[in-house]
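Accompanying notes for the structure given below.
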C-alpha cells in the first residue's frame, strides 16, 4: 500500500517535526535559549566556513611540502601580511575618502536640490514636491543623529560583539582546516552500513558544491572590485577606491550584488552631472561583460545549475525573512538542499530498479 512507502513515512516524520518546532516556537521561555545560542554561534561559524573554503586550497598546496599545522600557520601569516600591507597603504586613503564623502555630501545634496528647484520653478506643484522631499530628508537626517546619540550604548555593545566574533573566527578556522577531514567519517558513523555509500556521496557533492560556489564568488568579487577601481579611475570618479571596495563586498551576492554595488557610484557621479553617470554605467556594463564571458566560465567549474529566476526569488524571500544574512547564505543553502534531494532521489530510484530486477 502507498501508506507503507518509505517516502510517506519520511514525509510524515518531517511534517510532524516541523509542527512540533512550530508549536514549541510559541513558548517564549523554551525558544529564547535556542535563539540566543544560534545568534551567538551563527555569525562566527558563517565567517569561519567561508574562510575555510577560501583558505583550504592554499593549505592543501603547502601540505605537499610540509605538515598540516605549519601549512595552516604559513597561510595565516601570509593572509596577515597581505591585510597589514593593505591597511598600511590603502587605509589612510580609504579613511580620507570616507571623511570627504561625509563632509561634502550635505553641500552636494544642497546643490542638487537647488538645481532641481531651478528646473521646476515654473511648475508650482513640482516645486512643492521638491520642498517636501527636502524637508523630509532634513527631518530624517536629524532623527537619525538623535537616534544614534540615544543608542550610543547599543552601538558600542554591537562593536564589542563584532570584535569578539572576529577574535574567535581565526581559532575556528584553524581547527576546521586541521580537523576538517575528520568530519565526514564522524557523520557517516551514525548511518547504517547500507546507507554509508549514499551518505558519503551526498557529503562529497555538498562539499564540492559549497567549495565551487564560495571560491568562485570570491574570485569574481575580487575581479569585479579591481576592474571597477580601474574603470572609476579612468573616468575620474571621486572616491574610486571606497566605491570599488563596496561593490566588491556586495558582489558575493549573485545577480542583485552588482546592482546594489553600483548605486553609491551612480549617486556620487550624479553630483557632478549626468555625463559622469553615463560613464559609470558604461564602466559597469564593460565589467559585467568581461566577468560573464571571461571570468565566470573559468572559475565556476561546478555550476549550480540554478535558473536566474529561481536565484532572484530565493534571494528576495531570504532577504525579506532574514535580512542581509539571509541574502548571503540563501543560494549556497538552497544548492545544498538541492544536491541532497537529488542524491536521495537517485539512490531511491536505483533501489527501486534493483528490486524490480
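The backbone N, Cα and C atoms fix where each Cβ goes, and this holds for glycine too.
Residues or ranges marked as coiled coil in TrEMBL: 109-136. What TrEMBL lists as transmembrane segment is 7-25, 37-59, 71-90, 155-177, 210-235, 241-269, 276-296, 308-337.
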Could you check whether the transmembrane segment (308-337) packs against the transmembrane segment (71-90) - three or more CB pairs closer than 8 Å, residues at least 6 apart in sequence? no
Same-chain Cβ contacts of the transmembrane segment (37-59) under 8 Å, 6 or more residues past its ends? 68, 71-72, 75, 78-79, 165-166, 168-169, 172-173, 176-177, 180, 210-211, 214-215, 218, 325, 328-329
I'd like to know the mean pLDDT over the coiled coil (109-136). 57
